Amino acid sequence: MNETMNALTNNTLACSKPLDSQATRLSIIVAYCDIFVVSAVGNCSIALIVYKIKTMRKPINLFILNMAMSDLLFLITVGSQILLALKPNLWIFRGSSGNTVCKITDLLPSISAAVSIQSLVLITVDRYDAVVHPLSLPRIEQKRCPFFIFSTWILAVAVYLPKCLAVQLVEHPVVKCEVQWSKMFGQSSSFANFYLAAFVVFFYCPLTLITVLYSMIFRKLKTQKTPGDKSFQAEQKRIGRRQNVLKMSIAIVVGFVLCWVPWSICALLVAFNVTLPCEFFVFWAIDNILMISNSAMNPCICFMFSRNYRMGLKRVVKCFRKVPVE
């Protein structure tokens, strides 16, 4: 993530400074702060609901919780990068400690984004089993959820570890975190190729799988037979609940795609040093805010589509109101 922020700053300075005005910088910071507040409140609410209400600890909600935690981590670490890109002299760390902090702040956003897309895959598999194979033993049982959640973080760390090793703190001419890939892995190795491979593994392949599974889900729903008269009402309620959950999971995926696909294309263009017009970086600055806003979008989608989350929020609020103040 740092390399994209640095590229955005460097290229806009090389152009006619479309993003270098004080008003524009202030607008970006205000937008980030607004997103941070919504994301912090929303994702913390999701965490409290799943933690406090046992009936909400189903696989899909545990994976949504995993996304909520990764979204919070992503927002905090990316926020520091935005502030540093706009105001490099805010970086107070130097030497070996500065280098360590630099590696951590660069690694965590990449890990968080990778965890989110893996969580989306797990949510999709859970919905696929519920709709296409409702009578079969689910692939993702509740007792195995901790293993799947832990695996999303381990896999993300393993893939992005080489990049973490290559990130170094550069203090001249300005203080910034910079990927020095050739210095770490040799001239024959390309950071752009690594970047592309990471996107394929953690973005394009998962989204392809998600698309295929949802296509199969829609096909199943389209061919689903209408139940008999005796069980019609109960069956309709069950199907209605299932479809509401399905709509919520699809909305989360669509939100992720809309926020991340444009950014991923822009990031790859920059990584491969494609010559781009100055207007591109105005679009990319907006796209960076859109990408970050995804972390605030997910809890809003949950509360919008799920009655269980809305009722859960009311229960959690009531619990806090009942706590006596000493």
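Backbone N, Cα and C atoms are what each Cβ position is placed from, and that goes for glycine too.
Annotated features in TrEMBL:
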- 26-51: transmembrane segment (TRANSMEM)
- 42-302: domain 'G-protein coupled receptors family 1 profile' (DOMAIN)
- 63-87: transmembrane segment (TRANSMEM)
- 107-125: transmembrane segment (TRANSMEM)
- 145-162: transmembrane segment (TRANSMEM)
- 194-217: transmembrane segment (TRANSMEM)
- 248-274: transmembrane segment (TRANSMEM)
- 280-305: transmembrane segment (TRANSMEM)
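Within the model, the domain 'G-protein coupled receptors family 1 profile' (42-302) shows a mean pLDDT value of 85, rounded to a whole number.
Count of Cβ pairs under 8 Å against the transmembrane segment (26-51): among 107-125, 194-217, 248-274, 280-305, the largest is for 280-305. Long-range neighbours of the transmembrane segment (248-274) within the same chain, counting only residues 6 or more positions beyond its ends whose Cβ lies under 8 Å from a Cβ of the stretch, are 3-4, 7, 11, 60, 64, 67, 113, 116-117, 120, 123-124, 127, 191-192, 195-196, 199, 203, 207, 210, 214, 280, 283-284, 287-288, 290-291, 293-294, 297-298, 301-302, 304-306. Among residues of the same chain six or more beyond the transmembrane segment (194-217), those with a C-beta under 8 A of the stretch's C-beta atoms are 110, 113-114, 117-118, 120-121, 124-125, 127-128, 131-132, 156, 159-160, 162-163, 181, 246, 250, 253, 257, 260, 264, 267-268, 271-272.
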